[in-house]
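Annotation comment: TrEMBL describes 7-26, 479-501, 517-537, 549-573, 594-614, 634-662, 674-694, 706-729 as transmembrane segment. The domain 'G-protein coupled receptors family 3 profile' feature in TrEMBL is assigned to 479-744.
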Amino acid sequence: MRVRQYINLYLSIIMMLNSSSLSLVLKYSSASSSSSTCRLREQFSLNGMYQKGDVILGGLFEVHYFTVFPELSFTSEPQQLHCEGFDSFGFQQAQTMAFAVDEINRNPDLLPNITLGYQLYDNCLKLGVSFRAAMSMASGTEEEFLLDETCSGSPPVSHYATCSCLSDRGKYPSFFRTIPSDAFQVRAMIQILRRLGWTWVGLLFSDDDYGVHAARSFHSSLSESGGCVAYSQLLPKDNRPTELQRIVREIKSSSARVVVVFSNEAYLLPLLDEVVVQNVKGLQWIASEAWTTSSVFHTPRLMPYLGGTLGIAIRRGEIPGLRDYLLSVRPEDQPANNPGNNMFWEAEFGCRLEPLAGWVEAGGDVCTGQEDLRDVETNYGDVSELRPEYNVYKAVYALAHALHDLLQCDKSSHWTRTEFSGTLSQKRLFVKKGFPHFLCLSLSDSTECSRCPEDFWSSPERDLCIPKGVEFLSYQESLGISLMTASLLGALICAVVLGIFTRYRNTPVVKANNSELSFLLLLSLKLCFLCSLLFIGRPRLWTCQLRHAAFGISFVLCVSCILVKTMVVLAVFRTSKPGAKASLKWFGAGQQRGTVLVLTSFQAAICTAWLVSASPTPHKNTRYHNDKIVYECVVGSVAGFGALLGYIGLLAFLSFLLAFLARNLPDNFNEAKFITFSMLIFCAVWISFVPAYVSSPGKYADAVEIFAILASSFGLLVALFGPKCYIILLRPERNTKKALMGRATTKT
């Protein structure tokens with residue numbers, strides 16, 4: 001996919017003739033008597049896999065994502081670079097080449113009496129590492145080799161380089177590939193955009209030849225088709241945070257909702273991290289083949305942002321026998337100087353074959369070499385989506401057939417055309433002159449049908465998987481905003497009333513109505529208002545668990561205060577009877593606080609048991625709509641939810657019953673009347689809540705529950721504290737002990 005990878009299957013063919021040290025590097029050249037010996041000063045430190053043979057095929061693959069270069073002091077010999085971020089897909093491609101070589105060696109009809117070997121290197125996605133590997137393949141692994149002055153190199157064959165610049169035969173006369181040029185990819189993207197009516201798009205591309213040439217071609221093609229590029233941004237090589245932030249801010253502020261990206265994972269992943277940080281959603285991404293099928297983007301963290309991405313994918317193929325070969329890899333198959341399998345084994349199982357000092361002490365595992373790849377969940381053995389791997393397989397067979405035909409004719413002959421099918425699923429046509437030129441002519445007309453992922457559904461034309469709509473009670477919609485506003489307003493009124501009661505805490509109205517319980521009641525009402533906010537927004541595990549627990553405990557605290565206040569009212573009026581004053585000792589301040597605490601603790605125990613046994617969890621519901629996902633919280637245990645509501649209902653009923661019995665007590669300001677009225681409102685709201693909640697789908701069930709919380713909270717707030725605030729603020733002449741304790745005149 002990049003220019004630096006044009007040597008991806010670099011053909012470094014060395015033929016050993018009998019026992020002589022004479023060597024030939026393939027390119028219609030012969031050995032010269034002027035050959036001289038060359039001694040290597042030093043070997044590069046490269047990750048690789050090797051197998052001896054009469055003919056050596058070289059290959060470069062992306063087995064690691066990142067390269068760590070040593071610091072250059074220019075005062076001492078620099079350390080060797082090393083690579084990080086193991087990529088199992090790159091290793092799978094390297095193993096596919098090894099499998100193809102092994103398969104050809106077992107084929108008696110192809111290259112008889114010649115054994116193929118290979119030198120496979122990790123390019124670590126860096127140009128410098130690729131050139132080091134290419135030089136190592138050209139010079140071999142021996143300390144001395146013969147230098148042939150007539151050797152002019154050998155043709156590279158790439159399975160992954162798509163840059164259209166490589167089609168220039170003037171600059172790259174010996175470059176070949178088994179993957180189409182980006183010119184075809186750009187043409188396909190333009191057709192997709194035209195088909196969907198998307199003419200205003202953003203463009204992002206990597207800072208390399210692959211990205212720059214693809215973006216240039218796309219820009220001109222889009223203009224010719226009548227479209228426009230809203231912005232065009234180059235992804236920085238060094239992943240500078242400030243530059244990435246600037247690019248994402250431009251994407252966010254642009255009116256273009258379609259973003260076309262020509263890049264690989266290393267450039268794009270840091271940008272998408274910034275997209276997540278700035279929470280940029282609602283974009284339609286169009287992916288180039290370099291990252292369309294990359295597994296690093298298929299994560300729960302990125303899917304909310306990349307869901308519904310359309311992309312161009314490399315054609316898929318099948319390679320019989322490859323899966324068994326991949327799963328047969330063992331670390332002991334490679335000698336000590338051939339660490340490819342060992343690196344894979346350690347990355348796959350998270351252990352060390354040769355642990356470093358302190359590894360075991362830190363809790364690290366030691367590999368036994370007997371671990372089974374079939375026992376781990378990994379993409380390494382998945383052969384259902386062989387795309388670049390299939391191109392590797394074809395490239396190895398192309399080279400093998402070219403060499404086979406070369407050995408069947410004298411060196412002065414020129415080839416015109418050759419066909420082969422072998423074990424490939426389709427016939428390949430080669431047009432040759434001197435070396436293996438080829439063009440794949442046969443394309444399948446068959447249609448592949450596959451089921452869309454869970455969060456997607458098919459378009460009306462059934463040619464695309466498009467993301468399903470998402471529904472939950474959001475802070476951005478009018479219903480969510482209205483409920484949130486009401487909740488915050490209720491909490492604010494509670495704070496204001498609390499301030500009024502604090503300011504006038506020494507007046508008779510506040511003192512006569514048990515000021516301590518009144519303050520606690522106001523605090524619990526404020527919590528009731530605020531707990532409704534947990535029902536708004538996309539359901540998460542913690543919000544699902546917390547919303548009902550906070551609701552249940554807050555309301556029990558509130559109703560417990562009301563119940564104790566009612567009991568105190570009854571006890572006070574009973575003291576007017578002879579011998580009844582002793583009953584007041586059971587209703588002192590300590591007993592009141594203890595009763596509220598005990599009653600609330602029962603609810604806390606119910607919530608704890610519910611969360612431990614069958615906790616509420618977020619759930620994606622698709623029963624209501626085929627084209628929409630409804631995010632909701634399932635209660636987990638209906639019995640737990642029922643116990644929570646039932647306990648609140650029991651306390652509310654007891655408060656109502658006691659307040660009803662005390663409603664006719666003769667004080668001018670009898671709080672029992674207001675408690676009776678408030679409990680009537682409370683019970684009416686929650687009795688009507690149950691059928692409404694059960695019959696409401698999706699986000700409307702949450703809205704019903706929030707409405708019940710707010711309605712009952714406002715009812716308690718207005719009924720219990722409205723009359724008191726009225727007297728304190730508007731009728732201060734009634735805020736006296738005489739006015740409050742005066743008996744009502746009885747009508748005769």
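Even glycines carry a Cβ here, placed using N, Cα and C.
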(message) If you count every Cβ pair below 8 Å, which range out of 517-537, 549-573, 594-614, 634-662, 706-729 shares the most with the transmembrane segment (479-501)?
(response) 517-537
(message) I'd like to know if the transmembrane segment (517-537) touches the transmembrane segment (634-662) in this structure, counting it as a touch only when three or more C-beta pairs sit under 8 Å and are separated by 6 or more positions.
(response) no
(request) Give residue numbers and ranges for long-range contacts of the transmembrane segment (594-614): same chain, 6 or more residues beyond its ends, CB-CB under 8 A. (result) 517, 520, 545, 548-549, 552-553, 556-557, 560-561, 563-564, 567, 636-637, 640-641, 643-644, 647-648, 651
(request) Over the domain 'G-protein coupled receptors family 3 profile' (479-744), work out the mean pLDDT and round it to an integer. (result) 83
